[in-house]
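Encoded as structure tokens, the structure appears first; notes follow it.
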Amino acid sequence: MATHRLVMVRHGESTWNQENRFCGWFDAELSEKGTEEAKRGAKAIKDAKMEFDICYTSVLKRAIRTLWAILDGTDQMWLPVVRTWRLNERHYGGLTGLNKAETAAKHGEEQVKIWRRSFDIPPPPMDEKHPYYNSISKERRYAGLKPGELPTCESLKDTIARALPFWNEEIVPQIKAGKRVLIAAHGNSLRGIVKHLEGMSDQAIMELNLPTGIPIVYELNKELKPTKPMQFLGDEETVRKAMEAVAAQGKAK
């Protein structure tokens, strides 16, 4: 029997998603389409009459703006919001800023898929000569991180390793206390939570594509195990198209 409900949403399309570039920790804006996706997600939540008590997001504006759109569209702007770097997207290291299709043409689709989808193989690290090094590694929003916490690149395994402690220590107690939680974050940090909730294998989580801007609903029992598969809020066609679009990103044009 379900005793808790959790809602998660991957941010709407960003300008770099639109350009098919590896985004990671670069603070890209939502595209026009991404803004519309966030508003559509808000409408789906409003239509489902869902209310929340506390919200969590990353420190990247594409996720924050998605959350804002949902809170605005559901008239819940007053809710407390916790922002944390631990829910950031996976750090794509030296690939940050590169067009995925061009990278596939240069290195081969298989290598790009390994970098994007392998569980424990990180991309090349971002060094000090990288054009986005200063705007990420020297950014004051990360000034409070302890030595060794700021990544220069991450595998999916690394991303999950820094997201899950926040889930376990901060979010889980709120859910167990009966709070209705909304998380607006990124494809890979959310994958970490999904993998943990569903007990998925490393291989299975690599194949999971979370669509942008479409709310994901979990009904959980008191042990925080799903009582049924994840549900998407939205019409079937919207969900199917979104998941196909995500899967197609790493292919050479």
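Glycine too: its Cβ is placed from the backbone N, Cα and C atoms.
Predicted, not measured: the structure shown is a model, and the values here were computed from it.
Swiss-Prot has this to say about the protein:
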- H11: active site, tele-phosphohistidine intermediate (ACT_SITE)
- E89: active site, proton donor/acceptor (ACT_SITE)
- 10-17, 23-24, R62, 89-92, K100, 116-117, 187-188: substrate binding site (BINDING)
- T3: phosphothreonine (MOD_RES)
- S14: phosphoserine (MOD_RES)
- S118: phosphoserine (MOD_RES)
- Y132: phosphotyrosine (MOD_RES)
- Y133: phosphotyrosine (MOD_RES)
- S135: phosphoserine (MOD_RES)
- T152: phosphothreonine (MOD_RES)
- H186: site 'Transition state stabilizer' (SITE)
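Annotated features taken from Swiss-Prot, shown on the structure.
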| residue | record | DSSP class |
| --- | --- | --- |
| T3 | phosphothreonine | coil |
| E13 | substrate binding site | coil |
| G24 | substrate binding site | coil |
| E89 | active site, proton donor/acceptor | coil |
| K100 | substrate binding site | helix |
| S118 | phosphoserine | coil |
| Y133 | phosphotyrosine | helix |
| T152 | phosphothreonine | coil |
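The Cβ of G187 has fewer other Cβ atoms within 10 Å than any other of the binding-site residues G24, G187. For G24 (substrate binding site), the nearest neighbour among the listed recorded positions (S14, E89, Y132, S135, T152), judged by C-alpha distance, is E89. Looking at W16 (substrate binding site) and E89 (active site, proton donor/acceptor), their Cα atoms lie 13 Å from each other. For the pair S14 (phosphoserine) and E89 (active site, proton donor/acceptor), the Cα-Cα distance reads 12 Å. Between the candidate modified residues, S14, S118, S135, T152, the densest Cβ environment within 10 Å is the one around S14. Its Cβ taken as reference, K100 (substrate binding site) is surrounded by 26 other Cβ atoms within 10 Å in the chains shown. Among the recorded positions T3, Y132, T152, H186, the residue whose Cα lies closest in space to that of R10 (substrate binding site) is H186. A sphere of 10 angstroms centred on the C-beta of H186 (site 'Transition state stabilizer') encloses 28 other C-beta atoms. Residue environment of Y133 (phosphotyrosine) contains 15 other Cβ atoms, counted within 10 Å of its Cβ in all protein chains. Ranked by Cα separation from T3 (phosphothreonine), the recorded positions K100, S135, G187 are led by G187. Note: the Cα of T152 (phosphothreonine) and the Cα of E89 (active site, proton donor/acceptor) are spaced 13 Å from each other. In terms of C-alpha distance, the listed recorded positions S118, Y132, Y133, S135, H186 place H186 closest to R90 (substrate binding site).
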